[in-house]
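S.K.: First, the structure itself, so that you have it in front of you.
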Amino acid sequence: LQSAGSRGEQARQLVIDLETRGKRAFPVFLSILRDTGQGDLADMLIEECECPPALPQLVELRPVELDLHGEKHHKSKYQECSCFLGKWQRGGGGGWDPSHLRECLIATCACQVYELKADPCGHCLILNNINFSRDSDLSTRHGSDVDCGKLEKRFKALRFNVLTRQDLEAKEMVSELRKLARRDHRALDCCVVVILSHGCQMSHIQFPGGIYGTDGKPVPVEEIVNYFNGSNCPSLRGKPKLFFIQACGGERRDRGFVVDCDSPGDDASRDSLESDATPFQGPSGNMDEPDAVASLPTPSDILVSYSTFPGFVSWREASSGSWYVEMLDSVLELHAHSEDLLNMLLRVANAVSAKGQYKQMPGCFNFLRKKFFFACK
């Protein structure tokens, strides 16, 4: 490749080499690049090949029609696409269409992507706790109404049936979650749970953290997630279950570290910042050991996105809401039509990590088996 000449010529030579390895080699290679955080390189390969040089002959490659789960699908626009040098065009069409590459990648690798065909594609439950009882010693979460409004609008635009519940005690939160898990999801393709509240550290096996009800009693994130696993919610087996949690993972504050490159300016006043932190709640001394090590069902097809690293504070502003939800909403608006969920969560993490004098690092526990693309209207 180094002997091919310029950067663009090297890129074209790489694509040509990949095309000789089979019909799916190039799109799968791009997919791997994005999965490993090298999306810029994938974009460069596509960009450099937008205007391929004149060649003596063109070789047309067509995606293979896949027979998923033993069922034949009707011929779609994806099977009418052809590919040369990674540029996809409509069958029989004239011009190269870079924007069509994402759709063709999904079709070519259909077995690696969750299908969202239902409309609505699933239920979205938002639990928004703002006002807490005096006995709880938990402060009012100013700005959470801003977060809630943004996410209600966003998930409706992403074809979800949105239900919001506000200011619930711990037992009421559990009741709403169980009610959703007991619903018949067989005609739907996905389920989303969003929780906006105060949080804390808790003893756990799979998923860290606890979420406070307005009465000051915590519900473990692990318990919340397991209401929807394959054992407890059969109608969601094999379907993606997504959890977005805006809450502190503890009370530690991160001042970050100095980097050599120019970093974004501090755009948040320390006086306007609030956190969703409460002190660590350790396990009681008389906890029954068998319960502490009991095995749990495998959490397949589940993703839990946390606003902050376990043990650390999650920041929120009264006027604009939390950093995490603000960036999540913005990234979904800009990229949900073209990128998979994991790639978008990397964008969210990068944007949030650059904010403020105190730092915050979102992350996720990912047990999805396939790529997840939202169905945009």
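Using N, Cα and C of the backbone, Cβ positions are placed for all residues, glycine too.
Found this in TrEMBL, in case it helps:
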{"type": "ACT_SITE", "residues": "His198", "note": "active site"}
{"type": "ACT_SITE", "residues": "Cys248", "note": "active site"}
{"type": "DOMAIN", "residues": "120-252", "note": "domain 'Caspase family p20'"}
{"type": "DOMAIN", "residues": "292-374", "note": "domain 'Caspase family p10'"}
{"type": "REGION", "residues": "265-290", "note": "region 'Disordered'"}
S.K.: Between His198 (active site) and Cys248 (active site), how far is it from one CA atom to the other, in Å?
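M.R.: Here the two Cα atoms lie 6 Å apart.
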S.K.: Take every residue in the domain 'Caspase family p20' (120-252), average their pLDDT values, and give the whole-number result.
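M.R.: Taking every residue of the domain 'Caspase family p20' (120-252) together, the mean pLDDT is 93.
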S.K.: For the active-site residues His198, Cys248, which Cβ has the most other Cβ atoms within 10 Å, all shown protein chains included?
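M.R.: Of the active-site residues His198, Cys248, the most buried by Cβ count within 10 Å is Cys248.
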S.K.: Using DSSP, what is the helix/strand/coil residue split across the domain 'Caspase family p20' (120-252)?
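M.R.: Reading the DSSP string over the domain 'Caspase family p20' (120-252) gives 39 helix, 36 strand, 58 coil.
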S.K.: May I have the DSSP-based helix, strand and coil counts for the residues of the domain 'Caspase family p10' (292-374)?
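M.R.: The counts are 27 helix, 18 strand, 38 coil.
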